[in-house]
Amino acid sequence: MSVRTRFAPSPTGYLHIGGVRTALYSWLHARRQGGHFILRIEDTDVERSTPEATVAILEGMAWLGLDWDEGPFYQMRRMDRYREVLAQMLAAGTAYHCYCSREEVEAMREDQRQRGEKPRYDGRCRERTTVPEGVAPVIRFRSPDDGETVVEDLIHGTVRFQNSEMDDLIIARSDGTPTYNFCVVVDDWDMGITHVIRGDDHLNNTPRQMQILQALGARVPVYAHVPMILGPDKQKLSKRHGAVSVLEYREQGFLPDALLNFLVRLGWSHGDQEIFTREEMVEFFRIDAVNKAASAFNPEKLLWINAQHMQRLTPEGLAQHLLPYLNAVGVTEPLLASGPELPAVVALLQERSKTLVEMAAAAEMFYVAPVAGEPKDVEKHLHGQSALLATMTQALGALPNWEAAAIHSVIQELAVTHADGKMGKVAQPLRVAVAGRAVSPPIDATLALLGKEETLARLRRAAAWI
């Protein structure tokens, strides 16, 4: 039987890190087994679901490259199917109408608490023959009274639930709308889901869903409940720990494959390997090797992994990822066309950058000349250096071959003649004059890329800053 997994987010909020890891694990399991990955949007919470959240989920999945084979399916478009199965269960006696009011059920549970019993619905409407007027009933599932429901979870192992402790679950509200646990069961049944991979906050729902599937004569899927992700402070991951939506990581300059690499390692490992290509993740990932303990989100580790992925791309490939971020800082296509080749700039910055945002900020100076230098850097490195700046302009202007090695030789000579052999005393003023700040890639390589004409023009403009 072909493996069929699903990712089923609710569009009540944006796609977050925990949801992405669940989607990734489901996607990897399907891809490794040559199966199918289904996307389902669980939008039955009409009051909280929004079209914007749905769009953000789809955009996030597309950016990450977590492609789906079927879907997206929307629960709100399947209401007729849910009502059909509800009618089927009522006819079979595996579900029944309950006319008890909320107050009646709460009084029942309070009596049970007073007697030291676990509060649960006592099934008084199971065999009810009279129908009260003017009362819209809910529909309850007739749960087994005794025995146990055993979940053989791929991550948590064998988990046992006593049926006597579970009451008759409401599967349709008094207005006729089906509940979450019922819709999920029908969807998984109809879509032939073989493996349900989801957060372990759903583990307690699983025995109820299994019971409904069994009552329908449906095949019960294999379950794998993934532990939650904690913040660096070991508390539940929340917006106070950083980005809320996965798309914020795109805005911050992370590569999609780097983010997936980071997430796959939160609870799973393959020896001591840290960096994985997408193909390696598919090859090595095993859902039953996921740790059942919660993992902590480490922002510094994410930055390190992103830097590793940036370094492993070709300059040409990384340049394509960089383009939107350059546009965001004002480096447009005409500027790119008139400046140095972008892959050459990328190659110079590749070992120094942790994110695409960081790289774009560093690359900007190759295409946009600084209008003025950073005041503190000008004060520290250019103040009183008019003569040195003029000498540098003359020496560099006399260079016949504009190459990094030749530029380096000029800087060395100026250091000997004007700075007691201290390279920094020449390189830093030169850097501030050309880049507008005291931080840049190696200055000789920087000038070589900028070109002779542009370098000399910037040196002359910088003289006005002093």
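Positions of Cβ are set from backbone N, Cα and C atoms, glycine also.
Between the stretches 9-19, 42-52, 108-118, 119-129, Swiss-Prot puts its motif ''HIGH' region' entry on 9-19. The stretch that Swiss-Prot tags with motif ''KMSKS' region', taken from the ranges 101-105, 201-205, 236-240, is 236-240. Other C-beta atoms found within 10 angstroms of the C-beta of LYS239 (ATP binding site) number 10, with every protein chain shown included. Sequence-distant contacts of the motif ''KMSKS' region' (236-240) (same chain, at least 6 residues past either end, Cβ-Cβ under 8 Å): 16-18, 228-230, 297. In sequence order, TYR96, HIS97, TYR99, GLY123, ARG124, ARG126, ARG128, ARG140 are the residues of the same chain, not among CYS98, CYS100, CYS125, GLU127, whose CB sits within 8 A of the CB centroid for the Zn(2+) site. Secondary structure at CYS125 (Zn(2+) binding site), taken from DSSP and collapsed to helix, strand or coil, is coil. Of the recorded residues, GLU127 (Zn(2+) binding site) and LYS239 (ATP binding site) place their C-alpha atoms 48 Å from one another.
A Cα-Cα distance of 44 Å separates CYS125 (Zn(2+) binding site) from LYS239 (ATP binding site).
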